[in-house]
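Participant: Just lifted these from Swiss-Prot, have a look:
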{"type": "BINDING", "residues": "353, 355, 372, 375", "note": "[2Fe-2S] cluster binding site"}
{"type": "DISULFID", "residues": "358-374", "note": "disulfide bond"}
{"type": "DOMAIN", "residues": "316-410", "note": "domain 'Rieske'"}
{"type": "REGION", "residues": "1-45", "note": "region 'Disordered'"}
{"type": "TRANSMEM", "residues": "96-116", "note": "transmembrane segment"}
{"type": "TRANSMEM", "residues": "137-157", "note": "transmembrane segment"}
{"type": "TRANSMEM", "residues": "207-227", "note": "transmembrane segment"}
């Protein structure tokens, strides 16, 4: 090949005095120590081959041409293992494979834990409660260890097998052309061949197992919540089993069941909940109450402790019991069809915001406004908890209440609409 042909494909002439090994490792480029004339010739754009010549070029010729077109000078390039098949190389290969396989093991563990580990809430009773409490930490632990193991394997592979290379590129502007795309592909192909991944079957298999198990576990964990049937009837009620979204702790389990409005004491010395009387709350005041039944007990037995914990943990259970001042009763506007839901001055509204289910737990006594601190929705307790500000579009669900023969406040039935934010199947507005 002539000197002109060398310039056409960007292959520099052989430098005298260097061995074949040096010639393979060092590809000369523009040398700043040369004279201005030599530097100008070195940085000049090489003559581009036509389409026929471009199609006939080998990958190495395209690689050299791509570097010259991009102003890239390879200052140093050396394979990690000049001699193939040594014991040290095989040890390095096995260490990478171990990390990739560990990623697969942890990914498979994530999948199995997500599918078979007890995930439903269990009241505190020692071993079963401890197993349930590990669910979320195990999700995070197996997911994190899987991706960490794969990342360590990838880093080790780069450090131990990808050829060590130092390249210097001049900064330049310009849009990509067909010749640039072809030479980039040549560079990528050279990088793939130089990585020696093609002949490392153990690492390739380990990487496939690791990424496959990790991807499958992650996909199942992500899609698991999307394929759950929310309408499966699992909650026993007086009207038969219903789906969770249609029920709350205030839903009677049988006809005529008495459900008390109970205050949480927050102490361990006495019972966790005590029944409320009208005189227990001042005019204009608000109290958070929970559904309590006589069968729930006082927490002195294991069964009672379980039931009371379920009351406290139930997301639809908290209710705001508000006592309107006698002077403000004339300003009260009741919702159509719910005129009998209050007991005199006492009104009970769910504490679950109708926007996104946040706890609307702030109450302004002077204006009777209920505030959700998460997204700033405000509800007017004098106007059947109708939203007056913020993103909430529906009134808070109202619980019908009355008083029993012993003077305790009790629920006079269940909520007549689902508690909390909207979903497609609800018909109430």
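Here the Cβ of each residue, glycine as well, is placed from N, Cα and C on the backbone.
I'd like to know what surrounds each of these features in this structure.
Facilitator: Taking Cβ-Cβ distances under 8 Å and a sequence separation of 6 or more, the neighbours of residue 372 ([2Fe-2S] cluster binding site) in its chain are 353, 355, 358, 359, 360, 361, 362, 378, 379, 390, 392.
Take the CB of residue 358 (disulfide bond) and look out to 10 A: across all protein chains shown you find 18 other CB atoms.
With helix defined as DSSP H, G or I and strand as E or B, the domain 'Rieske' (316-410) counts 6 helix, 34 strand, 55 coil.
Packing against the transmembrane segment (96-116) from elsewhere in the chain are residues 135, 138-139, 142-143, 145-150, 152-153, 156-157, 160-161, 202-203, 205-207, 209-218, 220-221, 224: each is 6 or more residues past its ends and has a CB under 8 Å from a CB in it.
Within the chain carrying the transmembrane segment (137-157), a Cβ under 8 angstroms from the stretch's Cβ atoms is held by residues 92, 95-100, 102-104, 106-107, 109-110, 113-114, 117, 195, 197, 203, 206-207, 210-211, 213-214, 217-218, 221, all 6 or more beyond its ends.
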Participant: Same chain, not part of 353, 355, 372, 375: whose C-beta falls within 8 angstroms of the C-beta centre of the [2Fe-2S] cluster site? Give them in sequence order.
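Facilitator: Everything else in range on the chain: 354, 356, 357, 358, 360, 374, 376, 377, 390, 391, 392.
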Participant: Which one of these recorded positions has the most other Cβ atoms within 10 Å of its own Cβ: 353, 374?
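Facilitator: Counting every other Cβ within 10 Å of each candidate, the maximum falls on 353.
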Participant: Once the chains shown are all counted, how many other Cβ atoms turn up within 10 Å of the Cβ of residue 375 ([2Fe-2S] cluster binding site)?
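Facilitator: There are 13 such Cβ atoms around residue 375 ([2Fe-2S] cluster binding site).
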